[in-house]
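K.L.:
TrEMBL lists 60-80, 203-226, 246-269, 792-813, 825-845, 874-896, 943-965, 986-1008 with the feature transmembrane segment. According to TrEMBL, the feature Mg(2+) binding site maps to 317, 319, 735, 739. Residues annotated as ATP binding site in TrEMBL: 317, 318, 319, 418, 459, 482, 516, 596, 597, 598, 709, 715, 738, 739. Marked as active site, 4-aspartylphosphate intermediate by TrEMBL: 317. What TrEMBL records for 761-1015 is domain 'P-type ATPase C-terminal'. For 1082-1110, the entry in TrEMBL reads region 'Disordered'.
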């Protein structure tokens, strides 16, 4: 770790190969490999002070406050020795051999060793492997055992962060520890996050410093001129500095101190109080509490609240974030007949639905739900097609079964799709019980049968299918296959044409409901042919050249002339309210990018299920090329199709910030809506420096972007790319360890506490239990926080600039002597007492519309994205208003009291009376201005505003009494001024006239703008007032998707898992069910890019016709929003 705790991925320079000697700490320590200690905290006792100061002084104003402080105090202005011992994670070293037990987290990156007898471990000598890196899908190394060398690959490595499943214990050799593990290499480093308002404030503070210096220079020059021309006349009253230059120099620094209230320290204190209060609102929000998991929403930082109101891009994980990662078997088609729940069941509650009776099956899963009773009747009647259907589902898979006690089956599936299908077969009487490398045991209608497993023809992204070849107990050979309809149909026997037509219609119906489909087929094999094919298969599997191509030809040869059995329809359950949330966010002009490690088909299916991708889009582009040139061409073709007239170099605009001129990719308008799907292989090329702008430009034109098969590091790179070239605020949301890097990279990181642990939550800025809470976090809390902060800043700058500029005008009437226009007590109490609580009340309780209307009209969120509430322009308008108000506040009281007398005939134009009148006018004016700015008056606001005014008069009369004057004459010199001055009618007339003149331009401007060009807020508030109804309750409507698109292949598991099943490397023969395995908590990294297989229909029909479909609520919103507003 670096001294400042910022670099969590320390790298050893020059390390090209890692040598590890098993169980030899002395040898391994000589290489100074990293320990397993990981530090994720920001500070430690030694770095807290320097790091905290570094963070605080990133605010330029804090350096200014330190300078003022100095100026004002100045007088001028594992295993050891073959024994198992318990050890903490942090003490594990590279080369240690450690034992893991079932359901334990993997402590470091381990080489999996033999798990049969621990005594065998002492014979392992040396491991040589690659140096630490962030590649999750690759590992190379060699192991020396008994003077022989064996190759090591990624299949033999357990990564830190995974969980050991379905295995009693295993031993592993530590390869990489601590910050050198692949998980930590992908995590990225923690950075200090600041809001866009904080960054803008730094720019504005620099401008204010310049303005302050300019005013002080003008007043210093004025002092020098005045001393030369009129100073000699006042020698009797004031000692005169003969050196006018030195006098001007002292005057300059005196006015620096007097006018420092343009940026008071109370500004930043108040900002932190406001942020803290708005953070508590998030924590206290009961509507964001998830009762099922007893998880409330939590603001884990108090410095980023207003940034939630400016989000333009959301980067979301898929599994566990958008989806529940739970699949349900909903419908099926068997030999041309469709089974499954009626549409009438959709709108019924679970209590109103009639679930099927599976009491005939003692091994049925009680949680399984299905509502078509005719299917179970077909099973009971022993219809051959129905039995063949579920027999295929029970045999053709790579699921592991665990049976800890009789009848209590637990399935461990690499993908939830397979788990759903095997569970469906289990409930309909075909129960998968156990497997070994050579056999699969199932229970068919209560009778246990063991099939000989002869071959697994595994899935990959090109094949889009998997097959098993088995021999039943009677000796019959069969091939069972399941896969994408477009792939299976090409390999069916011609006699299946009629059934295929009907099945295709069923598939279109299933796809229209957003279900994920598979087609099932089988083929009986000849014993002699299979023996010959098996021999050729063995020869190809050990070939040194073109092994994959030879095996693929053999698979193609045997997987033909199959007989169609039917199709399945599985629902990948979205989390509650995901679709509605995404629609609301889209209405708020927020762009959604899905970054997932799942395969392309799975990601596309979810995109269509939650309406991110829609059938009525003009086009969905799929980038799945294998070379940089092809990726560039596909991106360029897509962009030119969306924007044919775009010019190559006209999309970059300079953005000057504090002297830097970064390039910003401007938004490009396009007619229509488009989507983009890009796989991880192509994304790796697209993120290269010479192509990143092409990718970003194309992606930003699209309404939705889905990046699939991406690594954690690529997720962070995509976020960083948007941050670098787009002037927009980003938010990343995820639930697993593989989302940590993008959560850290985004402006706002949101963690979902789900099934994949707490890593994402611990790295996040905000957290909750369900994705649907995101719309309330942004559209309600985020918008309110941003609106309140902007109102606070505009008002705070107004009241302080006005307060300070009066000093400037007074300097021309006091000989530039650095005399203050106000009483010293008033100067002290102005920001602390008289104006502190009203502005805090506004900043904590104000709301233009309530939460219900904020959700009803998500377009209210758009001004925040455009920084319309507070910007450089808004600041300049505020400064001009303050300049005008200060002129009124000085010259109106000056003119009103010039050469006047009180009721008793005494002179009323003394300095103290003028100071008090000006103070009263200023206090009343800023309170009136705050009343105009407030949109929502509460009891607290009334108390704060009227209480502050009352406190002003109470303290004024108290401080100007005779008693305090006698105690401290120098501090309370305005004796009797309040009672002598404020009893004059002309004084109150002056106060009223001044307040009216100060706020009059604001009232006129707001009235005219609301009539000529009303803002979205004014339109909505007007409509809400016209309706005179309470806020609407959140709507939980069910959206029905009409689509002709269906999944090419529903499974999300990776290539190579079938080889794992038949190898026996992770199978325990002596267990009850012969089922062991390791299931990582993350997604499989295996990947081969493929193109999209849309538009093909084996029955001569267009698979994806552009039918007339029902408009979604988002489309209807877009159709009416202009006419409404």
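Note that Cβ sites are derived from N, Cα and C of the backbone, with glycine treated the same way.
All TrEMBL annotations are machine predictions without curation.
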K.L.:
Sequence order is fine: just name those binding-site residues in 459, 516, 709 with a Cα within 10 angstroms of residue 317 (Mg(2+) binding site).
P.N.:
none
K.L.:
Consider the binding-site residues 319, 735, 739 and say which one has the Cα lying nearest the Cα of residue 516 (ATP binding site).
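P.N.:
Going through 319, 735, 739 one by one, the closest to residue 516 (ATP binding site) is 319.
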K.L.:
Which stretch, 203-226, 246-269, 792-813, 825-845, tops the Cβ pairs under 8 Å count with the transmembrane segment (874-896)?
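P.N.:
It is 792-813, which has the most Cβ pairs under 8 Å.
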K.L.:
Which of these binding-site residues has the least crowded Cβ, counting other Cβ atoms within 10 Å: 319, 738?
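P.N.:
Each of the binding-site residues 319, 738 was scored by Cβ atoms within 10 Å; lowest is 319.
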K.L.:
Which bits of the chain, at least 6 residues beyond where the transmembrane segment (825-845) starts or stops, bring a Cβ under 8 A of a Cβ in it?
P.N.:
261, 264, 266, 270, 273-274, 277-278, 788-789, 791-792, 795-796, 799-800, 803, 915, 919, 923, 926-927, 930, 933-934, 936, 938, 940-941, 943-945, 947-948, 951-952, 955-956, 959, 971-972
K.L.:
Could you measure between residue 709 (ATP binding site) and residue 739 (Mg(2+) binding site) for me? Cα positions, answer in whole angstrom.
P.N.:
13
K.L.:
Looking only at Cβ atoms, how many others are within 10 Å of the one on residue 709 (ATP binding site)?
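P.N.:
Around the Cβ of residue 709 (ATP binding site), 30 other Cβ atoms lie within 10 Å.
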K.L.:
So what's the average pLDDT for the domain 'P-type ATPase C-terminal' (761-1015)?
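P.N.:
Averaged over the domain 'P-type ATPase C-terminal' (761-1015), per-residue pLDDT gives 90.
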K.L.:
Out of 735, 739, which of the binding-site residues is least crowded by other Cβ atoms within 10 Å?
P.N.:
735
K.L.:
Between residue 319 (Mg(2+) binding site) and residue 459 (ATP binding site), what is the CA-CA distance rounded to a whole number of Å?
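P.N.:
Approximately 21 Å lies between the Cα of residue 319 (Mg(2+) binding site) and that of residue 459 (ATP binding site).
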